[in-house]
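First the structure, in the form of structure tokens, and then the observations on it.
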Amino acid sequence: MNLVLMGLPGAGKGTQAERIVDDYGIPHISTGDMFRAAMKEETQLGLEAKSFIDKGELVPDEVTIGIVRERLGKNDCEQGFLLDGFPRTVAQAEALEDILKDLGRTIDYVINIKVDKDALMERLTGRRICKNCGATYHLVFNPPAKENVCDKCGGELYQRADDNAETVSTRLEVNLKQTEPLLNFYSEKGYLANIDGAKHINDVYADIKDLLGGLNK
């Protein structure tokens, strides 16, 4: 079961990823985790990636793709994997096709959790955090009993700067522009499966399980 998981910020990707890997016993492979593991193991590619990250620069595609190749070649990926955060561009998607071809495998599905921008705005701008204990609330989905007061410690709640409407809107627009060519690429390949992420978390996962039901565990 070889899967790629996509979705805009706030679509609920993380929650669904946890359920998929728990149920199907495949590793959840995120770009960040791959970089951290490669750097910890001090592989040649890991050290190259570290040199860019330490300077605050983007890791070049050739290094990222090399790290992905190393990771997908490990034993725990023999029964499949869930890729999250890679690929981000069509060039990376084409490189992934080459990697899998060399391994004698193909992608089964690219699962795209779709939520419209207005709903994502509501989800992302509604978050509030306690200044004192760090507890997280949501004005719509998980509000505190008393407005702007933490239920746990009585601390004041605040909105992070990057959760304000203008910043969130810009972030979503950037992500939309980046992912559209990738979604088109996978749609043309026949891998793309759009899942309605506006539903309740359990219903979203039920749809994913229905999709994966035809694949061998």
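Every residue, even glycine, has its Cβ placed from backbone N, Cα and C.
Tyr137 (ATP binding site) falls within a strand segment according to DSSP. According to Swiss-Prot, the ATP binding site annotation covers Gly10, Ala11, Gly12, Lys13, Gly14, Thr15, Arg127, Thr136, Tyr137, Lys199.
Per Swiss-Prot, the feature AMP binding site maps to Thr31, Arg36, Glu57, Leu58, Val59, Gly85, Phe86, Pro87, Arg88, Gln92, Arg160, Arg171; the stated evidence is sequence analysis. Look at Arg160 (AMP binding site): DSSP puts it in coil.
Close to Cys153 (Zn(2+) binding site) in the fold, though at least 6 residues off in sequence, lie Cys130, Asn132, Cys133, Ala135, each with a CB less than 8 Å from its CB. Swiss-Prot lists Cys130, Cys133, Cys150, Cys153 with the feature Zn(2+) binding site, giving sequence analysis as the kind of evidence.
The annotation region 'NMP' is assigned in Swiss-Prot to 30-59 on the grounds of sequence analysis. Long-range Cβ contacts of the region 'NMP' (30-59) within its own chain (Cβ-Cβ under 8 Å, at least 6 residues beyond either end) map to 66-68, 70-71, 84-86.
Remote same-chain partners of the region 'LID' (126-163), defined as residues 6 or more beyond its termini with a Cβ less than 8 Å from a stretch Cβ, comprise 171. Look at Swiss-Prot and you will find 126-163 tagged as region 'LID'.
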For the region 'NMP' (30-59), the number of residues DSSP places in helix, strand and coil: 22 helix, 1 strand, 7 coil
Between Arg127 (ATP binding site) and Arg160 (AMP binding site), what is the CA-CA distance rounded to a whole number of Å? 8
Pairwise Cα distance for Phe86 (AMP binding site)/Gly14 (ATP binding site) [Å, integer]: 14
Between Tyr137 (ATP binding site) and Arg160 (AMP binding site), how far is it from one CA atom to the other, in Å? 12
Set of same-chain residues at least 6 away whose C-beta sits under 8 angstroms from Thr31 (AMP binding site): Thr64, Asp84, Gly85, Phe86
